[in-house]
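**Q** Quick one: structure below, then a few questions.
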Amino acid sequence: MEFGLSWVFLVVILQGVQCEVQLVESGGGLVQPGGSLRLSCAASGFTFSDHYMDWVRQAPGKGLEWVGRTRNKANSYTTEYAASVKGRFTISRDDSKNSLYLQMNSLKTEDTAVYYCAR
């Protein structure tokens, strides 16, 4: 009985650790129209290099809008973008640092939003 309880406890602990996915964004700020900003997203709790990663945003009073995506190494790290940001925004990643980036150039007032990275 003691062995069985220990085994169940171990499984619960491992499942808890596995579910602790964290994505922490940084780098926002106030800039004038035409300016630039670079956002970062630090990932943990999963094998970052295996996953496609997306940026989405939510403008004040509006719903979520997809910004763009970078695929994983197996898919050549290819990227795609929403029409509204294509040519101005660039998504990159550094698998060695478990980090995702969003370089935003030629910013417009309509780019004002809360930006989120997503797996």
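The chain as shown is numbered from 1 upward.
Heads up, the Cβ atoms here are built off N, Cα and C, so glycines get one too.
Note that the structure is a prediction, hence the values are computed from the model and not measured.
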**Q** The disulfide recorded in Swiss-Prot for Cys41 goes to which of Cys19, Cys117?
**A** Cys117
**Q** Going along the chain, which residues at least six beyond the ends of the region 'Framework-2' (53-69) come within the CB cut-off of under 8 Å?
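**A** Here the qualifying positions are 39, 41, 43, 79-82, 84-85, 89, 91, 93, 100, 102, 110-119.
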**Q** Are there any residues in the same chain, six or more apart in sequence, whose C-beta is under 8 angstroms from the C-beta of Cys41 (disulfide bond), and if so which?
**A** Leu23, Val24, Glu25, Ser26, Met53, Trp55, Ser99, Leu100, Tyr101, Leu102, Cys117
